[in-house]
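Working notes for the structure below.
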Amino acid sequence: MEAVGLTKRYGGRTAVDEVSFSVSRGEVLGLLGPNGAGKTTAIRLLTTMLTPSSGQFRVAGVDCGKPNDIRRRIGVLPESAGYPEHHSGSEYLLYHARLFGLNRTDAAGTTERLLAEVGLADRASSAIATYSRGMRQRLGIARALVNDPAVVFFDEPTLGLDPAGQRQVLGIICDIAQRRGAAVVLSTHALTEVEDVCTSVLILRQGTVLAAGTVAEVIGTVAAQPTAQLRVPSDMIARAAESLASAPGLQLETTADTLRITLAPGGDGHVPDTNAVLRAVLDAAIPVLSFDLEGTRLSDAFLAMTSQEPR
Amino acid sequence: MSWYVVTAREWRDLWLGGRGPILMFALSILLSAITYLAATNQILNYLEQREAVNLTLQVAVAVGALVTLVVSADAISGERERATLESLLLAPVSRRAIVLGKLTAAVSLWLGAFAVAVPYLWALGRGVSALVPAMVTGLVVGTLLAVGLSAVGLLISIRSKSNKVSVSVSLFLLLALFAPTQLPTPHGAFGVFLDRLNPVAAALHYLTTVVVNGRGWTHDLSYLASSLAVALVGVPTLMILAPRIVHLVAGDHR
C-alpha cells in the first residue's frame, strides 16, 4: 500500500496534511500520535470511508478511485466497533462473509476457520452479548479477515483490554503479518505494543508527519540524553555512587532509594556503555534491585516529539 | 444480489429476532378488540358489515404504515448509534444495496400486518360481495403507503445524527399525516385538495370509497395519486441520494 500527499480538510481545518508512506506485505506499520493527531481520519481515508481532499493512495495495485475494489482487498477493525448483541459470533461472521460475495458453503467454511484462528470456536454459537471485550475484539479481527485481505487496518485494537487480552490480540496481529503475509497498519497509543510488533512507525501530530521510519530510526531522530535509574539497597547507595565515581561520562544524582545516572556522551560523542556501569556496581558486590534505561525507548522519542510546540 | 444478503439479514433480525412477531401479536390483540366491537355493533345494527370491514382494514393499513415507518427510521441511525454502521459500510456493498435491503425488509412488516388482518376481515365480511375487492384494494393501497413511508423513514434515518431524533421526527410526521383523518370531512375545493394531498388521508378515503360505498377501484384514482407519488418519488430519491448521503458523520466513533 502506498499513500502520497494524502490530505483531508474540513472547511478551514486540516485533519490530515500531506501524509505519504508505504507499507509492504508482511510489514506492520505503527500509526502513532496524540489524540486528535489524525490517525483515525487517515485510516478512514485509506479504507474509503472518507474521500481525500487531495493526494492519492493505492492498495494492492488498486487506485483510490475504485473504493469498492479497495474494500474487497482490505480488512478493518474500526475503533470501538459495535456488534449486534443478539447475533452469535458465527452468524455475524457468516453475514459479513456473504457481504463479501462468498456463497453459503464458502462463507460457512471461512467462518468456522476464522473463529478457530482467533480462539472463539467454542463460543461460535453464543450470543455476542455474552462475549467479553477481548472476545469481541478477536471477533472483530476475524471479521476483518473474511475476505483474506492484502492490507489490514487496526484502529486501537487493544483499547480497554487487560494485559492478557492485549497480548493475545497483538499475537494475532503479528500472525496476520507473518503467516498471512498481509500488510498491517496499526493505530495505537500503546507504544510498547509498537516496539514489540511494528517493523516501522509513522508519528502524526495535528495531521502532519513528525517522524517515519523503523523504530530505531525514529528513536534516533530525537537526541535525548539517555539516563538510567539504578536501585540498590538503600544502605548501599553511597557505595554504589563511589564505585561509579571514577567512570567517565557519568553524572550521578542520589535520592533516598535510587541512584540516577545520566549517560553523557564524551568528547568523541560516545555514550558510556551501560553494561560497564552495571559491571562496576556488581564488581563492588552491590546487589542490583533494578536498572531502568530511559531516553532510549520509542515512548521517550514520542513524548519528546509530540511535546514540542506545534509548527 | 448483495441487497438480497442485506434483506435476508434484516428480515431475519425483524422476524426471528422477535420485533416482528411482538408487533404482530400487539396488532392481533388490537384487531381482536376492534373485530369484537364491530361484530357486536353489527348485531345491534349500529355498524354495517361493509363499515366494519372498512374500519378493520383501515386499522391494519394504519398500523402497518406506522410500524414500517418506525422500523425504517431506525434502520441507518440505529446502526450508527450501535456502532455497527462502519463495519457495514466497509463491506464491498453499494449504499444503494444497503438501503434497498433495509427497505424491502421493513416493508415485510406491512405484509405481515396485512396477513394478520386477513382472518379478521374474513370473519367480519363473510357473505359480503365486496370482501375480496376490499382485501385486494387494501393490499395495494397499504403496500403503496408502506413503500413510500419506508423510503421517507430511511431518508430521515440517514440524515439524523441520533436514533432518537430519527424516530421522533418520523412519528411526528405520521401523526401529522394521520391527524386530518380524524377531523370532519373537509368541504370546499381547498379542503378536498388538502385531503388528496395527504397520502394517508387520501388512501383511507379511497378505501372507504371502494369498501363502504361500493364504487369500482377505478372510480376516483386521484385519491391514490399522493400515496403513489410518495412511493414513486421516495424510492428513486432514496436510491439516487444513497451513495452520497449514507456515510459516517463527523465525530462518529463508528
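The backbone N, Cα and C atoms fix where each Cβ goes, and this holds for glycine too.
The shown structure was predicted, so the numbers you read here are calculated from the model rather than taken from an experiment.
Annotated transmembrane segment per TrEMBL: B:21-39 (among others), in sequence order.
Among the features that TrEMBL reports, transmembrane segment is placed at B:59-76 (among others).
Residues annotated as transmembrane segment in TrEMBL: B:97-122 (among others). Counting only same-chain residues 6+ beyond the ends of the transmembrane segment (B:97-122), those with a CB under 8 A from a CB of the stretch are 2-7, 9-11, 13-15, 20, 23-24, 27-28, 31-32, 34-35, 53, 56-57, 59-60, 63-65, 67-68, 71-72, 75-76, 88-89, 131, 134-135, 138-139, 142-143, 145-147, 150-151, 153-154, 158, 235, 238-239, 242, 246.
Residues or ranges marked as transmembrane segment by TrEMBL: B:134-158 (among others).
According to TrEMBL, the feature transmembrane segment maps to B:165-183 (among others).
Here the transmembrane segment (B:223-246) has long-range neighbours at 76, 89, 94-96, 98-100, 103, 141, 144-145, 147-152, 154-155, 158-159, 196-200, 202-203, 205-206, 209, meaning same-chain residues at least 6 beyond its ends whose C-beta is under 8 angstroms from one of its own. Residues or ranges marked as transmembrane segment in TrEMBL: B:223-246 (among others).
For the transmembrane segment (B:21-39), the partner stretch with the highest count of Cβ pairs under 8 angstroms, out of B:59-76, B:134-158, B:165-183, is B:59-76.
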